[in-house]
Amino acid sequence: MYRLVYLGYKKAVVISDIFDVPGFMQCRFNVPAFSDAWDKELQSKPALKHSIENPSTYRSIGFLGENHKSTTNSRFLSPEPSEKTRLLPKHTKEDGGNDFNDNSGVGGEKPSLLRALVKVFFLPLFKAQLVGVAADVLLFVNPLLLGELISYIEVKDEKDFPQWTGYMMAVAFFAVAVCNSLLSNYRYFACNNIGQRVKTVLSAAVYRKSLVVNAEARRKFTVGNIVNLMSVDCARFRDLTASLWVLVSWPFQMAIALYLLYNVLGIAFLSGVITLFLLIPINARITNLMRRAQTRQLALKDQRIKMVNEILNGIKVIKLYAWEPSFQKKILELRKQEAVQLRKGQTLTSVSVLIWVASPVLVTVVTFVAYVLITGQSLTPSQAFVAMNLINTMKLPISTLPLLISQMVQVCQFFHNILKVLSYIKLSHLYSIFFLVTVCFKDLIYIQTLFHSSISMKIPQGSLTAIVGPVGAGKSSLISAMLREMEQLTGQSSLLGQIAYVPQQAWIQNMTLRDNILFEKPLEKEFYQKVISGCALEADIDLLQGGEMTEIGEKGINLSGGQKQRVSLARAVYQEADVYLLDDPLSAVDAHVGKHIFQNIIGPQGIIKHKTRIMVTHGVHWLPLVDSIIVMDQGKITEAGTYKELMTHDGPFAQFVRTYLLEHQDEDVEDPDGIYYLHMISTAFYFIPTYLTKTSSVEENSLKSSGAYRRKKNSQDLSVKAAADGDHRKHARKQKNNNRLIEEEKVEEGQVRTAVFVALLRAFGYIPAALACFTLILYNGANIASGIWLSDWTSDKYLANETHVGTGKYTSETNLYLGVYSAISAVQIFGNGVFVMLCYVQMVTASQRLHNSMLNSILHQSTAFFDTTPVGRILNRFSRDVDVFDLALGRLVRLVFQYFFTLIVTVVIISYSTPIFLVVVVPTVLLYILFQRFYIPSSRQLRRLESTSRSPIFSHFSETINGASSIRAYGVSDRFYLDSQSKLDENNKCTFAFDSAARWLKVRLEFLASILVFFACIFAVISNDISPSLVGLSVTYALQVTEALNALIETMTVLESNTVSGERIVEYIGLTHEPIWIDKHCRPRKDWPAHGKISFSNYSTRYRPQLDLVLKGISFSVKEGEKIGIVGRTGAGKSSLSMALFRAIEAAAGSIVIDNVDISTIGLHDLRAGLTILPQDPVLFSGTIRFNLDPFDQHSDAAIWKALDHAHLGKFAKELPGQLEHVCEEGGQNLSVGQRQLMCLARSLLRKTRILVLDEATAAVDLETDALLQETIREAFRDCTVLTVAHRLNTVIDYDKILVLSKGEISEFGTPSELLQRPSGIFYGMAKESGLIQ
């Protein structure tokens, strides 16, 4: 340990400098033991046995030769419905049946988490307590020795008491102190380690559960909830376990102390006992009130963390819509309510602390009063100071008891929360290929109607099956059922082999692009390149600065939607699975790219052509090439068969295809594959339209009359091998390493900066701080006065003469001493009470101010900050670091100041009684300071490393939750579980080193304190003119030096370590803000922009000062109401142009003028409020439909309903309970992806401004709905200026003008007909690639 402390003194310690955590502290030792104990606990419960004996789940049985086992269960669950809803499966004996559901409706005893923890950790905890009991016994040797020493001083001149007796007593004091130090430190260290092990197993258990719970449980326990659980609640278990020794020591020490007190003061000790017992019911009532406030505060904290998590995940939309104030207001309101409960709790805590901290003073006064009244005698030095020493010995258990009670109150609620998570029913384990399926399962459609749909289907091995249907038909639910994430009510299923899953919303990890594709599988270069080529990723990799080794940010932040989808598909293909479940994999890619992927990956000639492929799709043009089609509507299979079979009768599918065909008959189809697809479709109606062989005219009149370029989703789409965000994300790289996006979290070095303490003092308040100092001085002044007054009382020669007992003067003088002593004690209690109250309550105010400032700073950051900062890193500050201020820092500040002044009081009193003692005190204090300066740097840095090593745990957890379905489908849950444990071990490594360093210091400091006690005794023995009273006073306070100095150094260390939380918060408060939101001195008119004219003048921009320009000298103008299509290859600058319009990136040169206003001269919110964007990724927030559409309450109900009707959601919303007040779950989980996109469209329609920026935003809806939406957009924004960043040429082919970008410059700008007359132009080439012309 010395090596690490010395290294920390010389330089800033890094994680690689820290020794490995011992084996008994590692996850591999603790987690399996707890998991076994918890599983046995669950299996032993009657309720659980019932669920095991009556299973209802899919069976993992062989492909041939196995008997199907069907089960039935009519129990329904009722989560909010959605296309993606996964319902609760029960357990089977095969999967362990090791979870319990509170709502199962089955009686019986619930599993006990406490019992499981006791089974694992009781023995090491018991051993530590045995050692601790020995230390407790030694504590009471000191008062006995003190009594003997005072008796020796009284008669030391007599021959019967030689001087060596005094020296032996001094040596005994020293030996007892050293032994007590070693034993008690062992107990503390062992209990801290056990507490850390408890935290580790609970964190691992919560993570393990998150891998297997279903969607309904994930809606109940959101990412924010569980991050709060892991970061705060599990840490509370650690603190409680480390303090459990008080439960053993408190009654043991109190019993011994009271017995010895009886020997000293006789029956008068009962008055002290009665006083203590009277305080117990008062404290019990306070504890009950604390628990209520704590429960309410925790609920509000969960809501706050959940909302912060949602804001961080949807920050781009919030920024572009200028919604920061609305969401800031919601969080501030939650924080305000939370602070009210915190103040109640901390006020009650301070009262509880005051009761127990003041109890030794109160007990001393009451006992002394009772002794005087009962015996009629005054106190002798031996009686007074031995009694004081005994009562001081009780201080530690008495002062730690309220902390333990407070911790137990908090942990009771945490226990309940963790138990709910760990006991929730999990999904069945996944094995399998969906080869032969006959299954009945329940599905939920979006209008609170429970569809109990009987679905039967057979999917041959090696076939390609398409699942089609309108939005909300249950397509994704069917895929979820195949993944066994929905509850099977009745039926049979056969499963075999390995599954690969491509979700509708791609799941991308924060690692390199290559690692995302390999997914831990060994690299086979030839096959890898084949997969890259088949997924059309080669061009994208060439554009990335680090190539395939480029780091991908959280949730694929530096990839476009199409790129993410292709990486997700490449991962699936590279796994070489037996079955591929593809949930609309081609919706986010361009049609040309989609055709390439279909031909090279999915289709009859693709890489996985011999595998079983089940594909959800909205693309009709793929259907002639699939082996079979399943048509779904309202959670049921309405038709199934081959394409020809479905077209031979006039069913819903044939009618839909006919509608599709008629809508396309005006379109040119020169692409050979497009001809083939439409030929296959049209032959079902026994005609082949002549337009299949026509050649398109390029004249403008012909274009307008024929409608040849109307926007449709077909095979004529623009070939752009990545989507619009490609050029923006390409520049979001770490400056020093082009392959890195996410920078390492900054770890401060050296002392905590003075600016941090100033910020904390400012948040605390100067007046409350001054008042706290005054009351603390008052308390300690009274403390000094009480000691000196007691010494004078016991050394009064008149009262010492027993012949004066009973006289009037004796009685009056005794009463005077007693009265003054009681008054001084009352001042002590008052001063201490006010100080404690200020520390606890005002720190909540400081925490609230810092939280609000940090929130304000975070919301004022640019989008680039969120691109390079993981969500877990920010959440860590809003959860754990804020929690330190809420609950821990007030107590630590109180303890540091109290111990510091106690030390001053002790030195003053000992110096007053034994001046020669200063000879030893001065060098000893210097040694203390040297030890502290030697130790603090390493301790502080270890605490910083512990804080930063927590963030990857939360980021990994958030990533796991988002990709839980994929992780289960690929069968890699164990790998992710082990990854989580390795991150926990890394965090434990820092925590163990910090605790070890603390014990290393404390043992050495207590040795120095033992030397002080030794010399105090020696000086008492060798001094000839010292009274027994002064000896008692000197040694009594010398014994307190040990506790005061040790506690001061320890709490100062912990305080500075916890101040790191303040340092991290202040760091974020001090982040550089984006430009001002509203410039009061330069605001546009309220109706700006009234016309929608846009002018770019020699505009250039870059993402960061040190990066290259992404737009170079852009100059063009847009007239009022013009429709402009923005096209170009990946990296051309399309997305940069739209982001520049919103000032998400600032100009390096030139200007943008909208309606004669230079946008750089006005505030961001004034600018963004005048623009509307419909982004590609649909983002919803937890809250009502009204809040999601109109967070500022600016629109009437009629306007909202009109927007919903135009977005084709009116009927759906009217059938919801609460209608506009219906609550959307976190991320809109209770809506399908298509419905979320429609909600975003309704949001844009409601917001309608004169300028609209469109990204390709309808990929997740079916063709029929898409056609309706395009008509809605055209009609609603007919008079608006529209800029469309095009992924498909058809989107913009009938626009007024086309802007073609290339390498950040304008390559072409003109009408479509003009550009198509330039055979050498880029637009002409793109149109040719798309098959629009020959």
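Just so it is clear, glycine is given a Cβ too, placed from its N, Cα and C backbone atoms.
All annotation found in TrEMBL is predicted automatically rather than curated by experts.
Source: prediction; values computed, not measured.
Positions annotated as compositional bias 'Basic and acidic residues' by TrEMBL: 81-96.
Summarising the annotation, TrEMBL assigns domain 'ABC transmembrane type-1' to 130-410 (among others).
TrEMBL lists 425-659 (among others) with the feature domain 'ABC transporter'.
The domain 'ABC transmembrane type-1' annotation in TrEMBL covers 770-1057 (among others).
The average pLDDT for the domain 'ABC transporter' (1094-1328) in the predicted structure is 82. TrEMBL lists 1094-1328 (among others) with the feature domain 'ABC transporter'.
Residues or ranges marked as region 'Disordered' by TrEMBL: 70-104 (among others).
Summarising the annotation, TrEMBL assigns region 'Disordered' to 703-740 (among others).
Annotated transmembrane segment per TrEMBL: 120-144 (among others), in sequence order.
Through the fold, the transmembrane segment (164-183) approaches residues 131-132, 134-135, 138-139, 141-142, 145, 148-149, 152-153, 156, 1002-1003, 1006-1007, 1009-1011, 1013-1014, 1017-1018, 1020-1021, 1035, 1042 of its own chain, all at least 6 residues removed from its boundaries and within a Cβ separation under 8 Å. The annotation transmembrane segment is assigned in TrEMBL to 164-183 (among others).
Annotated transmembrane segment per TrEMBL: 240-261 (among others), in sequence order.
Beyond the ends of the transmembrane segment (267-286), by six or more residues, the same chain brings 254, 258, 261, 348, 351-352, 355-356, 359, 362-364, 366-367, 369-371, 374-375, 391, 402, 405 to within a C-beta distance below 8 angstroms of the stretch. The transmembrane segment annotation in TrEMBL covers 267-286 (among others).
The transmembrane segment annotation in TrEMBL covers 353-374 (among others).
Summarising the annotation, TrEMBL assigns transmembrane segment to 430-451 (among others).
Remote same-chain residues near the transmembrane segment (755-779) are listed as 827-828, 830-832, 834-835, 838-839, 842-843, 845-847, 849-850, 853, 897-898, 901, 1059, 1062-1063, 1066, 1069 (criterion: CB distance under 8 Å, separation of at least six residues from the stretch ends). If you look up TrEMBL, you'll see 755-779 (among others) marked as transmembrane segment.
Annotation comment: TrEMBL describes 818-841 (among others) as transmembrane segment. Residues 343, 346-347, 349-351, 353-354, 357-358, 361-362, 364-365, 368-369, 372, 768, 771-772, 775-780, 782-783, 785-786, 789-790, 793, 890-891, 893-894, 897-898 of the same chain lie 6 or more positions beyond the ends of the transmembrane segment (818-841) yet place their CB under 8 Å from a CB of it.
If you look up TrEMBL, you'll see 892-910 (among others) marked as transmembrane segment.
Outside the transmembrane segment (353-374), and at least 6 residues removed from its termini, the chain residues within Cβ reach (under 8 Å) are 261, 265-272, 275-276, 279, 282-283, 286, 383-384, 387-388, 391-392, 394-395, 398-399, 401-403, 814-815, 818, 821-822, 825, 828-829, 832-833, 836-837, 840, 891, 894.
Sequence-distant neighbours of the transmembrane segment (916-936) (same chain, 6+ residues past either end, Cβ-Cβ under 8 Å): 5-6, 9, 907, 910, 997, 1000-1001, 1004-1005, 1008, 1011-1012, 1015-1016, 1019, 1023, 1034, 1038, 1045, 1049, 1052-1053, 1056. Listed by sequence, the residues of this chain that lie at least six past the ends of the transmembrane segment (1005-1022) yet keep a Cβ under 8 A from its Cβ atoms are 149, 152-153, 156, 163, 166-167, 169-171, 173-174, 177-178, 181, 185, 910, 914, 916-917, 920-921, 924, 927-928, 931, 1031, 1034-1035, 1038-1039, 1041-1042, 1045-1046, 1049.
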